[in-house]
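Visitor: For reference, the structure I am asking about is given below.
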Amino acid sequence: MKDNLKIMDLPKNERPRERLFRYGSEALSNSELLAVILGTGIKGENIVSLSNRIIKDNGGLNGIFNSDLEDFVSISGVGKAKAAKILAMAELSKRFKSYKDGDDYRICSPQDAAVLVMEEMRGMKQEHLKVILLNTKNMVIGIKNVFIGTLNSSIVHPREIFFYAIKKNSASIILCHNHPSGDPSPSNEDVNVTFRLKKCGELLGIQLVDHLIIGNGIFISLKEKGIL
C-alpha cells in the first residue's frame, strides 16, 4: 500500500487538476500549479500543502527559480525526482521568458539586451559575467557565460571575453553581469573593467556597445549613464 497522498485523494472540488480543467490555469494559485506538476504528496501531507511549503521555504517564486538541487532536497518530503521536476520547470520558464524569435532578435536598446538575461541573472547568488555577441546588423548571434566571481580587472581577462567574439565573427558585444545584492549601481571596479575591455575591443575592431549591470528586476546601462 502506498502512503503518498495523490491529487485524486483530495475532494474533487479541491483538486488542482480538476480546477484547472474547469476554470483554466490562471485560476490556480502558485501552490496549486506546482501541485499539478509534482503530482503526489507524501505520507501525512497532500500535494497542495507540500507545494505551498516548498514555495515558502524558498522565499517565494523568485527563490524557486534561483534554487538548486541541494536547496530542494533539503526540504522534508522533496526527493531528487520532485526536485528534478521543479528544476526543469524553472529552467523552461527562464528560457521561455528570454525567447525572442530564435536567432532573429535585434538589439536596438539596452532594454532589448536586458530582456535576454534578466530572468536568469536577477537572483543569482554569485556574480556572473555574460557576453552577448552581435553581428553587423545588431542581431544576436550568441550569448556566452564567461566568468563567475567578483568582477576585478586583475582577474577578468580580455582573452576569455573576445575569444568567443572572434570565434563567432562578432562585430560588437554587450557585457552583462549581475549584482547578487540586487542593487545594480556600478562599482569603481565595474567601471575599470569596462574601460579596459573597451580599449581591447578597439584594438581588435570589436566594439563594446554597452555594459549592463543586472539587479533584482532592474538594471543599469553604463552607456545610458554616460560612463561608456
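Glycine residues also receive a Cβ, built from the backbone N, Cα and C atoms like all the rest.
The Zn(2+) binding site annotation in Swiss-Prot covers H177, H179, D190, and the record cites sequence analysis as its basis. Marked as domain 'MPN' by Swiss-Prot: 106-228. Look at Swiss-Prot and you will find 177-190 tagged as motif 'JAMM motif'.
Each of the listed features needs to be described in terms of its position in the shown structure.
Guide: All protein chains included, D190 (Zn(2+) binding site) registers 22 other Cβ atoms within 10 Å of its own Cβ.
For the motif 'JAMM motif' (177-190), same-chain residues at least 6 beyond its ends with a Cβ under 8 Å from one of its own Cβ atoms are 121-122, 124-130, 147, 150-153, 211-216, 218-220, 222, 225, 227.
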Visitor: Using a 10 Å cut-off, grab the number of neighbouring Cβ atoms around the Cβ of H177 (Zn(2+) binding site), all chains included.
Guide: 26
Visitor: Mean pLDDT over the motif 'JAMM motif' (177-190): what is the value?
Guide: 93
